[in-house]
């Protein structure tokens, strides 16, 4: 395979020299043609990773501290934050080790680096898969709370939520282990791509259905109070914008990475695909950006969580 889904960069760093200053420019691909390559500075990548780590640690600590936040909804949000934390942590750890190896500040043998690389890859991959799963779980939780409001607490119970969380983590680790072990098999990569597309479609269908129900509810309230039609139109427009932002961020941050995996299967030697492969680190950076955005969308917008976080920060000072 021309390009691996998860590059084995640690082993390659044992005998490498420090890279030049990253830049945006044209690079030659395998056929000698010119293509656009976006290189991400290590400092920027590490900074984004640290921001994500801090944000998601705050979310996990806040939910763990307040017993009022130990509901199924917040459990899913907490696990999403934990997954994003591991995504960022795995990439930051790998980057730091690579930089130390390149600077000859860390002496290591291939026999030691290989298992470390495998462990980091499994952690990163499993946290990516679990992050997608918990995004879907949050969407399902919201859907049930809207369409089955009266039976929500009997349907989405804490024991069931814990069982779902355990199943997601176990499945993510098992699948990621297989993915890392058989990364050069097209079927494994296609399974991961199909999983992403299924999650995207499921989230889009659920949120569009929720938006339609919300618009119907707003229209009913407007008729009850004999309000004007523009109010309903404004609500629908606001909901559509929110939905577009939510799904747009999800697709923008995750789509390029899974496009990368798809092209590995479809055209591993094609010049155009080779140009796209050169931007793998950019695709990882977009996933880190998603780990930064997730707490802003799913956690910090909730008043109870913000209040608990504010109290915790105030007491710490």
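Cβ atoms here come from the backbone N, Cα and C positions, even for glycine.
Checking 15, 29 against Swiss-Prot for the annotation N-linked glycosylation site singles out 29.
Relative to the membrane, residue 35 and residue 314 occupy opposite sides according to Swiss-Prot. Within the listed segments 192-211, 212-231, Swiss-Prot records transmembrane segment for the stretch 192-211. Of all Cβ atoms in the protein chains displayed, 7 besides its own lie within 10 Å of the Cβ of residue 315 (S-palmitoyl cysteine). For the topological domain 'Cytoplasmic' (301-317), the model gives a mean pLDDT of 82.
DSSP classifies residue 315 (S-palmitoyl cysteine) as helix under the three-state reduction. Against the transmembrane segment (119-140), stretch 164-183 has more CB pairs under 8 A than any other of 38-63, 164-183, 280-300. Across the topological domain 'Extracellular' (184-191), DSSP classifies residues as 6 helix, 0 strand, 2 coil.
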